[in-house]
Amino acid sequence: MQLIITEKDNAARRIAEILSDGGADAERRNGVNVYKWGGKRCVGLSGHVVGVDFPPEYNDWRDVQPAELIDADIVKSPTKENIVAALRSLAREADEAVIATDYDREGELIGKEAYELIREETDVPIQRVRFSSITENEVKQAFGNPDDLDFDLAAAGEARQIIDLIWGAALTRFLSLSARQLGDDFISVGRVQSPTLKLIVDREREIEAFDPEDYWEIVADLAKNGSGFEAQYFYDDDGSEAERIWDEAEADRVFEGISGQESATVTSVRRRTRTDAPPAPFNTTAFIQAAGSLGYSAQRAMSIAEELYTAGYVTYPRTDNTVYPDDLDPEELLDAFVSTSPFGDDAMALLEQDSVEPTRGETESTDHPPIHPTGEFPDRNNLSEDEWEVYELIVRRFFATVAEPATWEHLRVVAEADGAQLKANGKRLLEAGYHEVYPYSSASETHVPDVEEGEQLRIDDVEMEAKQTQPPRRYGQSRLISKMEDLGIGTKSTRHGTLEKLYDRGYIDGDPPQPTALAKAVVDAAEAFADLIVSEEMTAQLEADMTAIANGEATLDDVTDESREMLERVFAELHDSREEVGEHLQESLKADRTIGSCPECGDDLLIRRSRHGSYFVGCDGYPDCRYTLPLPSTGEPLVLDEVCEDHDTKHVKMLAGSDTFVHGCPRCQAEAADESEDEVIGECPECGEEHGGELAIKHLRSGSRLVGCTRYPDCDYSLPLPRRGDIEVQEQRCEEHDLPHIHILDGADDDDPWELGCPICNYEEYQARNAVEDLEDLSGVGSKTAEKLSAAGVESPDDLAAAEPDAVAEQVQGVSADQVREWQTDLEA
DNA sequence: GCAAGGTC
């Protein structure tokens with residue numbers, strides 16, 4: 001039997017299809033898909049299935065000096081047990097193996113990992129095939145000319161793994177230990193995350209150091225016949241054009257001069273035609289950027305693209321390539337859209353062009369094509385709105401890459417008034433070209449009328465605007481990702497994840513991301529003692545070393561030994577500064593948690609964590625001062641820059657994924673609760689009859705509101721109410737529970753309140769909805785299936801776990817008993 | 001529990 005190994009299941013399926021001429025069957029082994037036909041088996045890995053780490057005796061951070069990690073052994077162990085087991089068992093049945101992982105460095109290393117696992121089972125021949133895209137031609141060609149694994153290239157990848165682990169782990173542990181941050185809140189550094197963080201911190205430093213300067217600009221409204229347009233004053237500044245006037249008296253003088261004139265005389269008219277080339281095919285970075293301008297975060301854009309890829313609608317979304325491969329026939333792909341809505345007309349128009357010649361970007365690589373639609377067309381109803389919007393972006397980008405350039409007419413008019421020059425730049429779209437099919441890049445025109453030299457233009461109005469120079473802008477997420485690409489740090493698959501990591505570590509917050517005091521302290525410390533780890537130079541050096549290993553000019557040991565020596569020197573320096581570094585980090589951690597000063601003793605008011613893990617606001621003077629304020633029980637608190645004017649206290653935001661909300665000033669929240677009175681609305685269903693408990697609308701000091709029993713804490717019956725909006729009790733009462741209906745006014749539109757209805761009914765509906773949503777979250781239960789299940793009485797994961805598989809299969813069309821058993825196994829896990 | 005790199 002011949003065993004074929006690919007990097008992912010998707011590639012395994014497609015290669016099996018090609019090599020078997022569509023005759024392959026799929027079976028499962030250890031939960032892994034295996035495709036079989038004739039004497040062949042094809043299995044997909046899931047990227048790396050083994051990982052590097054230190055031996056277990058190095059696991060205790062307190063027991064091991066961080067520097068000891070530098071010379072510690074490094075062991076490889078399976079990270080995907082089921083796949084490794086499937087591979088081993090297939091290997092025992094094989095009499096030859098072929099490695100068909102991606103055609104790049106990491107693919108070669110993943111191939112070597114598979115090679116070593118197979119070698120532990122058998123000594124059958126193992127070959128390597130390489131192809132740059134999974135098409136019939138390329139794949140058959142590659143399998144007809146197998147080669148050997150490139151162990152030097154794989155070793156280059158291993159050197160990276162080792163260096164990243166040693167530097168990252170040793171320095172991360174050092175900083176975490178020095179600041180006594182050992183729990184979930186450890187302080188991390190790494191070859192990619194730290195230079196990225198430094199980009200953000202450096203920009204913030206520029207913004208903080210920025211000293212704004214005053215300047216003035218003068219704009220005149222000119223008119224020819226009835227047609228008005230704006231023209232801006234400019235002057236010659238050492239051969240270049242300048243609009244900003246730095247001296248107020250000078251600005252006044254120019255302003256008065258122009259204002260005293262009735263008209264301006266045209267001194268020059270220049271017309272130019274400019275072509276505006278269509279964009280290059282999408283690589284990951286360009287895609288993230290385009291999705292970013294539609295409002296998607298980098299992470300969200302990638303996760304939608306991955307779903308579209310898994311569903312078969314778009315190609316692999318992780319790619320650097322910006323040149324379509326030869327085997328992509330653009331006309332054939334356009335054809336696939338001709339009969340679809342809403343793309344049919346555009347596809348037809350593109351096919352009618354004289355030629356369909358795609359644009360080419362700068363990077364051509366061998367692993368995956370640029371992101372483009374596959375031609376498999378989704379049913380719009382099966383996609384969420386976001387998925388559809390991103391799909392449309394990818395389709396339209398493909399359209400744009402095969403469309404004609406746009407042409408613009410630029411018209412520049414200069415007129416003179418009182419010796420001052422005024423300019424107007426007009427822009428008119430002559431040929432829309434690719435803009436017809438790609439509405440995402442701006443095609444807006446600026447109107448300037450046709451004029452001739454010597455013509456008089458009426459001056460309708462003149463304005464002088466006082467302005468200030470602005471600090472540089474913070475980098476947005478997609479800007480950071482393209483900056484990372486420019487600097488060569490991270491990869492197409494990891495850059496968006498690195499940003500996510502910086503958020504998780506408490507280094508940045510908000511969008512555009514803003515660094516915390518901790519982030520600044522980490523960058524300070526690294527700059528002082530381990531400059532390399534915050535510099536893109538580390539990656540550049542590593543790349544050069546890896547190239548040398550791949551070319552056989554250096555060995556893995558040469559490179560890793562040298563790197564170990566450099567890190568030894570870093571630790572020699574760090575040794576004496578451990579306390580100083582730790583103190584600086586701790587001060588910054590405290591600054592990030594400080595919201596103001598204590599109203600009772602004036603000490604710092606901090607966000608603290610109780611022994612049970614819940615957050616609250618407490619005084620730094622504890623135990624002498626016992627002032628506290630509660631915080632909401634959901635989410636992680638984040639201190640905002642915004643300050644409450646009444647209490648000189650910073651606002652707090654609670655981060656809880658999609659339930660994130662701004663709590664505001666904790667003192668205001670507590671005071672509002674103290675001043676509010678409970679409003680009784682009915683009898684407590686739990687203890688009303690027996691003890692006379694009543695239900696009341698209550699405001700808690702933590703900012704939450706609820707309908708709860710007046711006998712609390714003897715009776716803890718309660719129903720949650722929304723955190724925001726005015727609560728309005730209605731006349732209308734619920735017949736079943738004898739409680740008044742409730743409306744929530746969010747202030748935006750008082751005529752259209754949120755009609756909550758009876759609080760008990762509302763809460764019951766809310767719970768039922770949540771249960772069905774939990775059902776949908778189970779892998780394999782789509783929203784349609786969840787609907788059908790709940791119609792059959794299976795309304796929550798608990799119901800499903802308790803259900804009789806055969807009975808469910810009988811009641812719900814399209815669901816088998818085996819399927820139900822599989823869900824039940826997942827539920828137990 | 002540390003990194004970065006694959007993949008889901």
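Please read every residue number as a count from 1 along the shown chain.
In case you wondered, yes, glycine gets a Cβ from its N, Cα and C as well.
Pulled from TrEMBL:
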DOMAIN    A:1-134  domain 'Toprim'
SITE      A:His48  site 'Interaction with DNA'
DOMAIN    A:150-571  domain 'Topo IA-type catalytic'
SITE      A:Arg160  site 'Interaction with DNA'
SITE      A:Asp164  site 'Interaction with DNA'
REGION    A:188-193  region 'Interaction with DNA'
ACT_SITE  A:Tyr316  active site, O-(5'-phospho-DNA)-tyrosine intermediate
SITE      A:Arg318  site 'Interaction with DNA'
REGION    A:356-381  region 'Disordered'
COMPBIAS  A:357-370  compositional bias 'Basic and acidic residues'
SITE      A:Arg505  site 'Interaction with DNA'
REGION    A:781-817  region 'Disordered'
Cα nearest A:Arg160 (site 'Interaction with DNA') among recorded positions (A:His48, A:Tyr316, A:Arg318, A:Arg505) -> A:His48
Taking all protein chains shown into account, the Cβ-based neighbour count within 10 Å for A:Arg318 (site 'Interaction with DNA') is 20
Candidates A:His48, A:Asp164, A:Arg505 (recorded sites); nearest Cα to A:Arg318 (site 'Interaction with DNA') turns out to be A:His48
A:Arg160 (site 'Interaction with DNA'), Cβ-centred 10 Å count of other Cβ atoms over all protein chains shown, is 22
For A:Asp164 (site 'Interaction with DNA'), the spatially nearest of the recorded positions A:His48, A:Tyr316, A:Arg505, using Cα atoms, is A:His48
Rounded mean pLDDT within the region 'Interaction with DNA' (A:188-193) lands at 98
Listed in sequence order, the residues of the same chain lying six or more positions from A:Tyr316 (active site, O-(5'-phospho-DNA)-tyrosine intermediate) whose CB sits under 8 Å from its CB are A:Asn10, A:Tyr309, A:His368, A:Pro369, A:Ile371
For the domain 'Toprim' (A:1-134), the DSSP residue counts stand at 48 helix, 36 strand, 50 coil
DSSP output for A:Arg318 (site 'Interaction with DNA') maps to coil
Residues near A:Arg505 (site 'Interaction with DNA') by Cβ (under 8 Å) yet at least 6 apart in sequence within the same chain, in sequence order, are A:Ile187, A:Ser188, A:Gln193
Simplified to three states, DSSP reports A:Arg160 (site 'Interaction with DNA') as helix
For A:Asp164 (site 'Interaction with DNA'), the number of neighbouring Cβ atoms whose distance to its own Cβ is within 10 Å equals 17
If you count the other CB atoms within 10 A of the CB of A:His48 (site 'Interaction with DNA'), including all protein chains displayed, you should get 18
